[in-house]
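Below you'll find the structure, written out as structure tokens, and then a few comments.
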């Protein structure tokens, strides 16, 4: 340490601590950097004392400077540190590392220039070392220094052929000759296996060199020969020859660099052998610091033999992809391609010392908290341990595990057969007995023969031979010592509950009362001398009592229960006396509806909860075809989590929910633990994501939650809960193996214990569906037997409602509970609700009414986007019962792309809306239940700002209310919004009640009919009545369809220069009037609107306006009354003032009178004239064939707006919208066929489902023979494998069946508008008839016009997938299918092979690439997304799993003729 401590004096040390590591950074140099630099110097053979002076640092820098450009990160860091120390010795003031480097490099350059030219070595152009030096014009070889050789040997010995060896060799061998490189290799004494691998690579590369560089003819005397492979390797050449080859004037051969590259290939192979970790396996642990993960990643990356582009891709994708979830979340927020410095800075706090310190502090706090010692444990501590006796042979001095005698059969505890000691009834006393599936005990007290009833007893209760039969009795030893304990269970309840005493059961512990659970287990206890009655509740984590005072030494705490959150006082180390036993535990006091002893006290008493497993047949489950179960290693866990998981798993194993996995089970899924809400208990979680991916898919059996408004009104209601629902359903035994998980041990002290689930696990994708299916099977018989009783079941919540008498209703509930208990389901008493109000699914229910549970809006100083989202969710939930709830302005606060944690600034409108909602929520609102036979009605009311409210009711009884505030269009009107409201209510009513209500809408029938006649957009209009509830929905202005006669006509236009944003808007009238307005910072659309507004302002009460803008026409035609645009709002106000308005649209300016004139008027200096010569041919084409919009756009190059207007202007192409139906089978060979009728003729139509291609013709009769002939004609033209028709007589005839059988196609039948129906051909019949109507006047006979219409539909109708016509699409699909089949057949030969290859003069092998094709002279390979052609002599083909026979190493390694014959015969090449 002498040199280390004397590197810098005290003053210089102070100066060092002021220097920053990076310019502008926060971190500064400290002493640890000097200590690190001293250790690193030893690797380069440099003395530590050199750092003590300026001259010594200068010497270090002269050695390191040539190595910096090709050196590792450690080398560069060492160089930077020495630069800083050099500046401190030279008394140079520096602020950061970069300044120090500049100063040091300036001094190095000056010293080099001062050296004499004859003595200064001139480095060859290839490197920074100087084995070959140019002195006086001659190249002289200087042997490698011992320092260099020592550094190389130390590198190999320390790193053991790690990833650092390759760049280290590159740096140390820079500029070396083969002689020098061989000297370096000979210095490595050990690792001869690695040396042999390098020698084999050298021999292989030398042979390739000789093959590529054949020996030329005889050379003239005195001329230097060209190097052979052995010359490059230094075995048959001298140092002088090597120098001449490297530095000759003509055709130099860098033998040193070539040999270095061969050695690098060998070293990389050794690195992969010594370090088998793949770069893909480098993943960050859950608590691993990000910097440590990055170090491991780059260490493995440096060992990868691939090009820099691939390494760059690995850095950009794998580094983030394989980070743990915490770091990955932070890294994704950095955007695309963050730098490594940004990633390290962002993740430095995750998994680092700070986080570890917090975890350690939390663990230490928990460890220092004195845990209450159970009574039995205290007894064992108090007494001395007796002599060890073997349970197997009975001898003293060893345990059963050490016993060498044959294993005794049966139980080691009681000697009986049929069970093992861990499950012995005399050893294990539980809160609930585990009931077998074969013989179940009744939960009701009237079953006297129920043996094994659920009981409570403390551990080590009765002695051997103890009789515990009889579900409602107390065991004999307990009965003899419990005083009045027999009265406790007499008829399930007792008027007087006396304290019970317990007796010590000899040396076996103690005996406690055991009592039936057919009633609530309520006992009397004394807490610090204060008597209370408490419920023993195994479902509660903590213990809470009311009505007692325990002093002021408490901690305030809030706990959650059925009724919400409760404020409590927590007292620790409180003395409790219960069932004759004293314990000390933590207890809370507060306003609880019932006193509860939870698991913290029950565990101290030694009580356990044993759940039965349901007697339900397991549902068979399989993995997806070709998939295997998860095999993911368990990641490291902290000590406290391991202990918590161990306790949880042991408990679940005792309860029959888990069992040990056999050692032959190869599957594993990671497990971990998290703290519960109270932060005192742990919850076990299994990461089933991989298992969910490979598990078969399940059907969602329940698509939503039930709503109380859909319940029928009943006299009595009861709510009960199924406890630990998933853990009551058995899992398919054949599938259990895939749920295996492992509990690791601390410091790997023992093998991890492995478990598999016997019941439905939480987190597995199949658990919800299987549970719902099982519950439906259990409840269906009960529902049928009690048809007058309503049973609503959602997951583990069950609601029972009936009009029966109280006694009959209670009997039904008891029968249902008994049924569930007999099937193995538990029904916890603490969640059993017999009296109103019933808390169910977020609602409070009474027999005659329902309401929402209390809603409390949050009060916050600072609001984030996430807070606003939660607030809107609460308000939307409340809107189903509270009328008038609005969220429009609150939702506007989070419009646009915002992060969840971004702070939100409230607007005045949003604050006012929130306050109004708070006032509404303060009022009491109640809903009613549904009454059969009473008409269902829906009343809609319009509020301000386009917000709508509605109520669904039966007379004056309100069932449900709601709101609607979605505005899908920027410019809209009330009728369109009203239509959306009606659709929403209709869907809602169908789901809840299964019927459509009668609507009361605030609109006049004339307004509604007028709007829907012109702008029909939906397929369903309900029955409705007019309601005169202001404000009424009205159409604000009179927009007529035909031009007004004797009224001035305005031609409007606007234009804008995109570069300058300057524009003009104006109009020209048919009476010679015109006007132009100059605009700034505008757009074409805004200019068009300005021109329209000018025409409205300057015109009279009646006006004709002609526009050439589809944008303006679309806005005006929709008759908007609401808009967010000030300009459109101005237009609306002007239009309201008019008596009548006609608005027309023209597509072109040429030859259209005033429209052409106004275009010239506003275009001067603004835009060029748009030539639309192709409009007239497009109109002629459409009048002939009536093609669609996309066909006109494709063929004539028209803008889509112009093409759309051409189609819309055609009176024969005007049609209403069509309903959207279910999906159909769209495979390539699927056709649908149907018959339709027109003009007394029968037209048979066949449609190719995938492409929409149609075949149609007129047939004489609708018979099976004619249909079969058409089917044969269709099959002779197109591939057909599946035909779908309706159930008509001609399609089900024997003729059609025989034709289908002969062709080899599958025929199916269906009904309209089902997913497997003939809906495609039904729709095509409609389109065919429309097309025939358009061209009917072009042909005489119906036969001709049908074929003409089919031609138009197949070749003149473009759109859909690929923007093709149906004919193009069908041909494309057939061609694609053939290509796929061809390439699949070819690819099967090569799919198991990979190719390593070399390119150009580069001798480095690259790959692997995927083999696509193997020809005689070359192979076709795929590398990433790039496809390459590689000569055979530069390619090696191997099996991807390695170890196979190489096929292409050159002409001497494969018989070309044999390979060609094999490829031609279609065989797969052998590996």
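Cβ atoms here come from the backbone N, Cα and C positions, even for glycine.
The range from 433-437, 513-517, 518-522, 523-527 that Swiss-Prot describes as region 'Dimerization of protease' is residues 513-517. 721 is the only one of 697, 721, 732, 867 that Swiss-Prot places in the Mg(2+) 1 site (with 796, 797). The annotation in Swiss-Prot ties 1234, 1322 to Mg(2+) 3, and of the candidates under consideration, 1286, 1295, 1337, the one tied to the same site is 1286.
Cross-referencing 991-1007, 1008-1024, 1025-1041, 1042-1058 with Swiss-Prot places the feature motif 'Tryptophan repeat motif' at 1008-1024. Range annotated as zinc finger by Swiss-Prot, chosen from 1131-1172, 1173-1214, 1341-1382: 1173-1214. Residue 1088 (Mg(2+) 2 binding site) falls within a helical segment according to DSSP. For the pair residue 1234 (Mg(2+) 3 binding site) and residue 1186 (Zn(2+) binding site), the C-alpha distance works out to 24 angstrom.
If you take every residue in the domain 'Peptidase A2' (533-602) and average the pLDDT, you get 85. Of the chain residues outside the Mg(2+) 1 site list 721, 796, 797, 720, 722, 725, 794, 795, 798, 831 have their Cβ within 8 Å of the site's Cβ mean position. In the shown protein chains, 18 other C-beta atoms lie within 10 A of the C-beta of residue 1322 (Mg(2+) 3 binding site). Under the three-state DSSP scheme, residue 218 (site 'Cis/trans isomerization of proline peptide bond') falls in the coil class. Put simply, residue 721 (Mg(2+) 1 binding site) is 70 Å from residue 1053 (Mg(2+) 2 binding site) when counted between their Cα atoms. There are 6 other Cβ atoms within 10 Å of the Cβ belonging to residue 218 (site 'Cis/trans isomerization of proline peptide bond'). Take the Cα of residue 797 (Mg(2+) 1 binding site) and measure to each of the binding-site residues 1088, 1213, 1286: the nearest one is 1286. Distance noted between the C-alpha atoms of residue 218 (site 'Cis/trans isomerization of proline peptide bond') and residue 1088 (Mg(2+) 2 binding site) is 88 Å.
Between the C-alpha atoms of residue 1322 (Mg(2+) 3 binding site) and residue 1210 (Zn(2+) binding site), the distance comes to 25 Å. Candidate binding-site residues: 721, 796, 1088, 1108, 1286. Nearest to residue 1210 (Zn(2+) binding site) by Cα distance: 1108. Taking only the Cα positions, the spacing between residue 1213 (Zn(2+) binding site) and residue 1108 (Mg(2+) 2 binding site) is 21 angstrom.
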